[in-house]
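A.B. asks: Feature table excerpt (TrEMBL):
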- B:Y129, B:Q190, B:N213: NAD(+) binding site (BINDING)
- B:S236, B:Q258, B:H261, B:H328, B:D361, B:E415, B:H420: substrate binding site (BINDING)
- B:Q258, B:H261, B:D361, B:H420: Zn(2+) binding site (BINDING)
- B:E327: active site, proton acceptor (ACT_SITE)
- B:H328: active site, proton acceptor (ACT_SITE)
2 protein chains.
Amino acid sequence: MQFLSTGEPDFEKRFARIVNDRRESDKDVAGVVQSILARVKAEGDAALAELTRRYDGFDPQVDGWQIGRDVCEAAFHDLDPVLRAALETAAQRIRAYHEAQLPENRDYTDAAGVRLGARWGAVEAAGLYVPGGRAAYPSSLLMNAIPAKVAGVDRLVVTTPTPKGEVNPLVLAAAHLAGVDEIWRVGGAQAVAALAYGTDMIAPVDVITGPGNAFVAEAKRQLYGVVGIDMVAGPSEILVISDAKSDPDWIAADLLSQAEHDPSSQSILITDDMGFARLVEDAVDVMCAGLPTNRTARASWDDHGVIIVVDDLLAEAPALANRLAAEHVELAVDDPEPLFATIRHAGSVFLGRHTPEAVGDYVAGPNHVLPTGRRARFSSGLSVLDFMKRTSFIALDEAALRAIGPAAVALADAEGLPAHAKSVQVRL
Amino acid sequence: MQFLSTGEPDFEKRFARIVNDRRESDKDVAGVVQSILARVKAEGDAALAELTRRYDGFDPQVDGWQIGRDVCEAAFHDLDPVLRAALETAAQRIRAYHEAQLPENRDYTDAAGVRLGARWGAVEAAGLYVPGGRAAYPSSLLMNAIPAKVAGVDRLVVTTPTPKGEVNPLVLAAAHLAGVDEIWRVGGAQAVAALAYGTDMIAPVDVITGPGNAFVAEAKRQLYGVVGIDMVAGPSEILVISDAKSDPDWIAADLLSQAEHDPSSQSILITDDMGFARLVEDAVDVMCAGLPTNRTARASWDDHGVIIVVDDLLAEAPALANRLAAEHVELAVDDPEPLFATIRHAGSVFLGRHTPEAVGDYVAGPNHVLPTGRRARFSSGLSVLDFMKRTSFIALDEAALRAIGPAAVALADAEGLPAHAKSVQVRL
């Protein structure tokens, strides 16, 4: 953990290093992924089966390619009732938030008599990558699948590796609840390739979203343009801005909730009180030691944790927060509004002392798929818009064409495009 | 040009080949681009100067890196008055359409007492690539720059190669009109790298848009994630759906207006009348021969032009159009509404006989930067949203946390994330 104070002479240098530290995997996966994509494109299901046997120790040609909807439904009904109710609460709240996000069509006629507009529609098919093993979170399935369904996607396909045949019943239950149409037992770059190109068995999709390891992320990046994808995701991060009136245990828990995700996650605290900073530091140590996820959380906090002490929270924290452009920003103060008003770059903001980031991970409603690695400067959390596209339209009658057509002719001539000019002139 | 009829036995095979023909450049530019990006990242302005000397025959260190705003203003005032008025008409109409596109913020409190919302904001800086030479279109500059300015971008930077020092005064005039802040005399992948990484002289941007050659497109693709980019663009295309009542000359001009862009552009006509199809074919030949752009238009039409004759326009054309997912779709019929209602995948639709696609290129208002190569299945034309991002927010008080917190705890426990659970529990 690094301890910084804006009063120190080397603050800017150290802070800049934190901002520029990308915490990305260094693995050179591009070449491996490229050859996997080419193989699946050329050989289809045969390549998919072979790679699944090799990487997952699972033979889909023997043990089945798909998990049936009946299996998902059974997993849902077998859930502990408290957990099932929690999953239903989450799904209902996520659905409500994303339904309110649906964009409106436009259709109007302007003063020149030109009818203009834009019509939104869903993509036909979306593919959702669901990791296997410990990173298989039912909450992630809901956060990806529900916006797709709310957008109106016809066909929602999940691919998920089932190493040695193992499946996660919680994920299957979430798939039932979210209305997933197909689940294929394949993973890695080969699954992403199958979704993008299609195979004899798996029909291609238009958009691919969902978290995955470095190979999955690189496969999505390489297939961007063949299909739509959600933003390239890096390690998770939280920035907590807190004054000294917060309970140090509350803030420690928030910092650790991010740290326990992955050793490369990052938790940062900005506060205006040195004594409070030290109390939080101690609380993190105590609480962390008692966590079943101690090892991961400890590694993350030791390697990437940061505490920054400033003189004046309102005067200094927003500029630092905007440079960090963090995925999650908590404002643990009595009145978060002045801080919130000046924070320009953040994936999601959690206002006030009673809004731990974890409520956003599960049940608040907004999406928990958010831009990481400073990408909040230019990108947004997952939304229904990622599963939709907009078609603009234009309609002119003779009078409208007489009104605006001559300007088009002048510009087409100036650009040296005579057929453009002619297509207007012949109608005038 | 290919002539197809849905009645022929090999129609499906031939049509599928047209759908799957990507008309992309085969050049293997990825490796070259990768090394250019690495050089600019490591060596900054020195690499930029060296590459500009090599590729553009222009030495920015001797003849100047930038084109001043005064030069752009002078270019604007020196324009022929008719052309200047046309440019102003275009700018005003593009601005009006994109202003109406600005998204609304959301802020509400739901039944559980949870305050939820989303706040939109502009990126700080945007870079706009403007090609040099014959593909330098003032209309493209307006179509990229105006949405950025309407979105609220603070700093709008243009990079454009000026081979042997040559500049296009029309483009400079458009830059003045659109309020571009900086113009740098660099191009190619090296310019894109400078925009994304920044150099000593050029501050980095958050989003890069604008057309370019294969190297520029590949540079943007490789830098996706470091910055935001607009969709990967391929050759332009038009699909005209017309009945026999259209004037064949009008339709021929529309097909040629796309064909004259580039030899790899594609123009397709779907009609329900064989005689009309033949009339259009003849009209294209006659009109094309008289065009100054004959050579390009002829090559495009010969290599990629298609006429498809169907039995019933309304019954057959929409399914074909949706498979083509074309950038531009014209509906040249008396009542375009029934066709329009069933066309799901298109970049922009032009309704009725008096709406040639070229009005959309210049003055109608909607953006002319549109998805190509069947990407209308999942992506949209350029809009203010490409220069904005959304921050979601959540605020709970004690009562709201008591209402929804326990469900978050149940899910966090089930996912094996105890610090997530704890961050809620300590507050309950």
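Placement of Cβ uses the backbone N, Cα and C atoms for every residue, glycine included.
Unlike curated entries, TrEMBL annotations are predicted automatically.
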A.B. asks: Whole-number Å distance between the CA of B:D361 (substrate binding site) and the CA of B:E327 (active site, proton acceptor)?
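C.D. replies: That separation, Cα to Cα, works out to 12 Å.
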A.B. asks: How long is the line from the C-alpha of B:Y129 (NAD(+) binding site) to the C-alpha of B:H328 (substrate binding site), rounded to the nearest angstrom?
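C.D. replies: Approximately 23 Å lies between the Cα of B:Y129 (NAD(+) binding site) and that of B:H328 (substrate binding site).
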A.B. asks: Using C-alpha positions only, work out which of the recorded positions B:Q190, B:N213, B:E327 is nearest to B:S236 (substrate binding site).
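C.D. replies: Closest recorded candidate to B:S236 (substrate binding site) by Cα: B:E327.
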A.B. asks: Here the binding-site residues are B:Q190, B:Q258; which one has the lowest number of other Cβ atoms no more than 10 Å from its Cβ?
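C.D. replies: Each of the binding-site residues B:Q190, B:Q258 was scored; lowest Cβ tally within 10 Å is B:Q190.
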A.B. asks: In this structure, which of the binding-site residues B:N213, B:S236 has the fewest other Cβ atoms within 10 Å of its Cβ?
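C.D. replies: Among the binding-site residues B:N213, B:S236, the sparsest Cβ neighbourhood within 10 Å belongs to B:N213.
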A.B. asks: Please compare the binding-site residues B:H261, B:H328, B:H420 by how many other CB atoms fall within 10 Å of each one's CB, and tell me which has the fewest.
C.D. replies: B:H261
A.B. asks: When each of the recorded positions B:Y129, B:S236, B:E327, B:H328, B:E415, B:H420 is checked against chain A, which show a C-beta distance below 8 angstroms?
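C.D. replies: Of B:Y129, B:S236, B:E327, B:H328, B:E415, B:H420, the entries that lie near chain A are B:E415, B:H420.
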A.B. asks: Where the distance is taken from Cα to Cα, which of the recorded positions B:Q190, B:N213, B:E327 turns out closest to B:Q258 (substrate binding site)?
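C.D. replies: For B:Q258 (substrate binding site), the closest Cα among B:Q190, B:N213, B:E327 is found at B:E327.
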A.B. asks: Going by a 10 angstroms cut-off between Cβ atoms, which of the recorded positions B:E327, B:D361, B:E415 has the sparsest surroundings?
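C.D. replies: With the recorded positions B:E327, B:D361, B:E415, fewest surrounding Cβ atoms within 10 Å: B:E415.
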A.B. asks: How big is the substrate site in terms of the longest C-alpha to C-alpha distance among B:S236, B:Q258, B:H261, B:H328, B:D361, B:E415, B:H420, in angstrom?
C.D. replies: 56
